[in-house]
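Participant: For reference, TrEMBL lists these features for the protein:
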type     : residues : note
TRANSMEM : 12-33    : transmembrane segment
TRANSMEM : 160-181  : transmembrane segment
TRANSMEM : 187-204  : transmembrane segment
TRANSMEM : 225-247  : transmembrane segment
TRANSMEM : 253-273  : transmembrane segment
DOMAIN   : 262-333  : domain 'Concentrative nucleoside transporter N-terminal'
TRANSMEM : 285-302  : transmembrane segment
TRANSMEM : 339-360  : transmembrane segment
DOMAIN   : 341-439  : domain 'Nucleoside transporter/FeoB GTPase Gate'
TRANSMEM : 418-438  : transmembrane segment
DOMAIN   : 444-666  : domain 'Concentrative nucleoside transporter C-terminal'
TRANSMEM : 502-524  : transmembrane segment
TRANSMEM : 611-635  : transmembrane segment
TRANSMEM : 647-668  : transmembrane segment
Amino acid sequence: MRFYTIDCFWNITRCCWSFLDTYIYTVYIYIYIYKRSTLLKNKSNWVQKACTVLAAHVPNQVYSNPGATSFKCKQFPEWAKCLFKNDEPAHNEFANSKVLSNGSPKKEDVVVIHQLDIYENNLSKWSSDEENLEKKSWIERKYDNVCSFCQKHRRLIKHIIYGILLAGFLAMVIAACVLNFRRALALFVLTLLGIFFVFWDLFMDRYEGKIVKLFSPIGTFTKKHWFWMKWVIWISLVAGVICWLIFDTAKMGANQLISFGGLVMYVLLMFIFSKHPTKVRWRQVFWGIGLQFLLGLLILRTKPGFDAFDWLGIQVQTFLEYSNTGAMFVFGEKYLDHFFAFKVLPIVIFFSTIMSMLYYMGFMQWLIKKVGWFMQKTMGTSPTESLVAAGNIFVGQTESPLLIRPYLELLTRSEIHAIMTAGFATIAGSVLGAYISFGVSSSHLLTASVMSAPAALAVSKLFWPETEPIKVNMKHGMKLEKGEARNILEAASQGASASIPLVANIAVNLMAFLSLLAFFNAALSWLGNMFDYPQLSFEVICSYVFMPFSFMMGVDWEDSFIVGKLIGYKTFFNEFVAYEYLAGLINKRKESGPMYIEGIKQYMSIRSETIATYALCGFANFGSLGITIGGLSSMAPSRKGDIASGAIRAMIAGTVACFMTACIAGLLTQPVEQFTCRELLESSLLNTSSPVNSTEVVDCCVGLFKWVVADGPSNVTIGGNHSMSLLSGCCQLVHSPSLNCSWFVLLQ
């Protein structure tokens, strides 16, 4: 009640002080006190006193008295009357009662009338609120008090609730570690990472300015002597890479040198055909390649990095298997009979749903901003292109530009080119699961997705350097929106619904492109038959056209024609066709079939498969070209010309970025001894005290499950020259949704 009185008093004071003197202000106080008091009985005295003050300071002759003097105020009865709800006339009647006696009123009098009309409405509202308050029950008043308390102290209450939840979670983690630390290691590591990033954000929000100020002398010194310092740094890095290559090549073989030569070749080609060769900022190029190399070195050459991504790949595979539950419920138990439609496409729907939920919770925005901030600080690229490149690690080429949609109209042509290149050089998380379901290595696909982001920016800034002033910087305070969902269930529903066009697009494009491929091959074979070469086909042409590029990535010479054919599939059709064909080659190798049939190689080495996995990991194809132009043009109609003019160059740059990632993979991939799945499973499951859980073993176990036909514990048939011991070991290591592994464990 105290706050209510003060608020009303202040409103009256603020409105009246500018137009009248302190006497008019006193009149409103008198009348207001009368309205708030229930003890005063002689209200006419208060009104008479108010009217007396009004009569002394407002001209009497301006207004006539219509005779309504219910409060004994003959000078201005309507003015006093308008302040009381019980006796107040309607607004129009009150306005009509003020009849002019000698022409137009003075300006200040009109203002006073307007202010009194406003207070007429306010006092009516106050009276209504007071009446409602008197009608409320005791429970309602207590409820209002509780709501007011919660509203006033909501920040403190929120912190208390979060503190209780955090304490409970930490207690759970500690209990899990005490019971079995090895089993709880993943939970422990994730908890430490979460705590680190939370405290890092709090620390930087509070002390970032002080830290920048503390290290500003170092920055000043670096800028002052950067001319000679950069040459020392670059020469040292080049010398270190050369020395490392010499020793590593002596140990690993000459294939690493071919991959390094291919990397240099692609950089030179991009520089020669650059839009502005003299404007290239080499810091962006070298930092992009350097980040590629460091990520590859961490993941492919260090045991902790390799184990971490290998573990992550296994977790992703396990996670994606949950989509089988929905597919089995909708399509029946024999859904695997139509593998692509009923097994692969439901994974896309499931992954899209999860991504939408993560966006609603704000996790994806946080992660994208962190990765984008890191690339911006290291490479020196603009905030917009860094943010989109980071977003393309997780989402598709049409979704990531939505992160900066308000700024698309302000981007330079080089930035637009960089955004399109990032989309062509990476794949979306939603289709990543589909490629994994084909049988392609999940750890290599995850690594390629991360490594291609800095490569895309490096190649883009080499192929189309920045020549215009950047209009969007960090001063604009870019914010990433959560979306339109009101709760997490609505976000999940929206994600599932949003995948419908994607799933339909994938299905119809595959049907169309595979049909076209069959037609082209038939036409080319008919044409080749006229020259006694009926083997002529689209695959043969692509294998010769792209063979030099695949060989320079480090692919074995005898496998370079096969990889060239895969690149042709990916470029002229899409990466789904290419990865499906690659998965067939991988399965043939695992089945240990003959390597050559009638002089034609049936599968590739593991090294060639790895390099091909990295080279194909991108949306750079002619189908995606139209999607990119249409999507960006709808977001920024005024830049349609710039988008269309740079799209072809962006697709070429995206393709080269994938090739450079493959070169880094070829440079760092260690030679792997060829094993059949049977030999690998026997060495990993039977000849060791504890089963070895690796991506290759999991892939072989998944392949073994396909050879099993079981109608019950006593009726089990295992093909592929596998044994019951291997099946039992795989059942203990990998969950199979199509088999009841308890049968085989009991039999064993």
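Every residue gets a Cβ built from N, Cα and C, even glycine.
What's the neighbourhood like for these features in this structure?
Facilitator: Sequence-remote contacts of a segment are chain residues at least 6 beyond its ends whose Cβ falls under 8 Å from one of its Cβ atoms, and for the transmembrane segment (160-181) they are 187-188, 191.
Proximity of distant same-chain residues to the transmembrane segment (187-204), defined by a Cβ-Cβ separation under 8 Å and at least 6 residues beyond the stretch ends, is recorded for 169-170, 173, 176-177, 181, 211, 370.
Proximity of distant same-chain residues to the transmembrane segment (225-247), defined by a Cβ-Cβ separation under 8 Å and at least 6 residues beyond the stretch ends, is recorded for 256-257, 260, 286, 290.
The average pLDDT for the domain 'Concentrative nucleoside transporter N-terminal' (262-333) in the predicted structure is 87.
Sequence-remote contacts of a segment are chain residues at least 6 beyond its ends whose Cβ falls under 8 Å from one of its Cβ atoms, and for the transmembrane segment (339-360) they are 320, 322-324, 326-327, 330-331, 394-395, 429-434, 437-438, 482-483, 485, 487-488, 491-492, 494-496, 498-499, 502-503, 506-507, 510.
With a threshold of 8 Å between CB atoms, the same-chain residues lying at least 6 positions outside the transmembrane segment (418-438) that come near it are 313, 316-317, 320, 323, 343-345, 347-348, 350-352, 355, 381, 384-385, 388-389, 392-401, 411, 445-446, 449, 452-453, 455-457, 459-461, 463-464, 499, 502, 506, 575-576, 579-580, 582-583, 617-620, 624, 628, 632, 643, 646-647, 650-651, 653-655, 657-658, 661.
Distant neighbours of the transmembrane segment (502-524): 340-341, 345, 348-349, 352, 430-431, 434, 536-539, 541, 573-574, 576-577, 623; these residues of the same chain sit at least 6 beyond its ends, with a Cβ under 8 Å from one of its Cβ atoms.
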